[in-house]
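S.K.: Please find one structure pasted underneath; my questions will follow.
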């Protein structure tokens, strides 16, 4: 099948007959109310029910005969119809969908847009785009409804692409781009391509491109591709860019649902009612065939600003025929094949895990309400601060809204333990209420649905495979209600208002926590982890400036550049103390003049004084009785939208909870913050236990108890199995292979007396010394090169003396043209003096980190095909000598970059592969721009192994795609490039591929399975290549941590879990295939396990095999002599994507080279530049053919 399409065949029910390309074309015969069709969104053949007969081009043209109430038709570009329509539909034809010819025994539209009636009809009206319609007169819709109602005039099983009984893609009254009885692009109850909670191929509240309360590809109230109410990569959590509440139905990953019986939907819904005329009809791809809408006397329709309002009677529940769900090709994550691993292990250890079990009654119900708050000026966006103030006032003034029984997400959703009044409420603030003085708002609240906790328990028990994200979202908001009122909220984290650590320049750090809800084997778990973040102090602006700039007094302002002050203050929030108000203002800048020199035109609106010029000093004295002490400095501009509002600095105070970016921390403070964050496992354990019991924490207050939730204050305990380390293949000093059996708890090996598996031959190489003009302490010593050669030889490499040695200065790195010229001179000299030789390697000595490093890498690797190895003299030189460990690490990188291998597994076919198998490992990652960068592209990197069975050499492909797009575009083509690099002959292609995907959350699994993996399969299928593929996601950004319950063997205090600790019980998913593996040895801080999730497994690994495979691969990372935390295909993909970011920033620096010479612009400022490199410039990321299959990126 091609992207979910169906080819040929017969559809015997209300589903589909046919096939086609991209899942929307159908051929053959559909004998129910489905479709007959063929082509790309086009249809041919015969449809014998209420569906369509048809065919044509681009999926909206139809030919042939439609014998039901569907269409007969055909034509060009899907909007013209020819032939005969025998029902209430259309006979017609023409070009581009606006003219119709032929005969239809019902209402038929002729070419000119008029209506003719060649036969009897029980139907109503059908309209085409751009034609005149005859419609029943509009009737009044109740004020509480914001949606259109569907006309009674449209016949059952209405033609068009819309309606219940619809054969299109959408929901009630809407299919494709149409509405009720509408063949145009808009209609009643129509929102673009959206149906009732259904978008694209989704169902009610499904994850298509949007739904009721859904924006993106995800679940309830979600924006992006993630989980419940989450915008980034998270699960249940934050609301992001937009959210319109929850829609009806269960939420999964866009697959078929087992639908409950129809239920009544409240008449107070903001949606329109469904016409009685829509009681019957068939369903093709759309709403009911996937996720039936629940309704009885009325139902909800999506909002549409373009809909015409037409009233009608409503259909009774008995008239609604819910068809059987259609089959779906959508893949779901594979289920766990066994009860977990039981492989031979070093031992079993008892662990505490920072998961706290949440108990609840399955009889409990959480009521979900949609909130819409409107101000007097409907076009003005209402801030979250205003939303909170309005909600609080209404709940305070109206006893029917109990605060203690509700949780508010700060935007559109309220969850309640009791029933709340619905409707429209006026909220007026009096003139004495300073912040919101005299403002009026309308608070509209409507019940969306009742969230049954029984649905969540059914999922946890495995009785349902569709995660109720709406229930999880409601519970998550409830859990966060109490801490959000008492702590500083930063995304999904909560921090104390007290800064416990003082960095000394107006900045300190506060402790906090992050928590998420996770369905697990043991039930619902609250995962709680400690956190630390730097904030500006909530002090006066003048005091802050004195601390930040190190001034003894404010008079030193004159010695500072105003731009430096503006750069630090702009965008910060302040309150003022010259009047009684809690209102927050944003600093927009400084006044050009000092306070004493600012005058303005004063107009007394009460008419007591004539207009006059007045100074700021006089005004504050007269108006507020306040003298200004610091008149010789500028005022702050707190105005907005071009209106200046100057306020003396001494009256302004910084609002608490304003983050200080860690990249702006002084070096000592940054190191201190990092050190504080890297707490020992014992310290982290104690911090978390304090937080779970804190009155400010997630268990604090009465709110969760009022919803019937209880959080166990004790951590979950589990058993961890410690896997045995693999035996490694190294060499002795003579180059003979040896087997290294690792016995230590850390699983590290030592190369002091041993060598790498395959040492490279480096005969022609060069040295570029950028430290030649530096002081003696920073300069590369003359002995360094000889020491490096000696260490490389000790590891089994054959390295001769360099054939080219050139000196330069760090200043050269500022000039891209000069740098390229220098590198070309190295190539020319080597070629000229050594018989056309090209340097295998260029060693570059630098004094410290420099943006010119990016330019050097970009030029060398994309333009010239040079492998470079940079090093910092300040790191390499310790006293009068160079560190042997540093030289060894440098040598390992060099060996890998030029084609050698550093370590190999003895059991490199992992015993569970067959001897005839050819296996390839692929890793994929997407590198996104910094948070403040709204322009730069995301960088994709895909890496793949080049050798089997060693599987320790990789090639990488790097490219750019749309800003912050996580879905890898052209994933199949990129993987195919790597397949070709792996094996030139078809018979040598791998028959088994394991793809490791990094950087995706649970809510993006659908994207990986049904978009990225499908794209790979489609590309492979075109060349007749059909390997077995297993897809595994590696998740790093989670909060789960393990704490050993006993001391280690050597008797030291409680530390990290041993390398190889795996957990695949209790805290994992109830039935899907995941586990936690802590492969690394944690020497600093608390080890973070990697969460591995098997999404698809055609190879058929059991738990023992997949755990051993991943753990063993972690020993093959080329840069170190210990197992790494993340499986190498993912680690390499991450490094290659970072290298792509380096290329992009180097290209921007070149484009922005008009900036003052010597100013080292940060990548952030460059990336935000208006002169952003276009996405079409693919050459930026195209690695030179000479090195693209080498590991240049390590």
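From the backbone N, Cα and C atoms, a Cβ is placed for every residue, glycine too.
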S.K.: May I ask you to indicate which of 299-341, 342-384 is given in Swiss-Prot as region 'Disordered'?
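M.R.: In Swiss-Prot, the region 'Disordered' feature sits at 299-341.
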S.K.: Over the span of the domain 'PAZ' (540-656), count residues by DSSP class, listing helix, strand and coil in order.
M.R.: 38 helix, 32 strand, 47 coil
S.K.: Take every residue in the domain 'PAZ' (540-656), average their pLDDT values, and give the whole-number result.
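M.R.: Its mean pLDDT is 92.
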S.K.: With DSSP as the reference, give the number of residues of the compositional bias 'Basic and acidic residues' (327-341) in helix, strand and coil.
M.R.: 0 helix, 1 strand, 14 coil
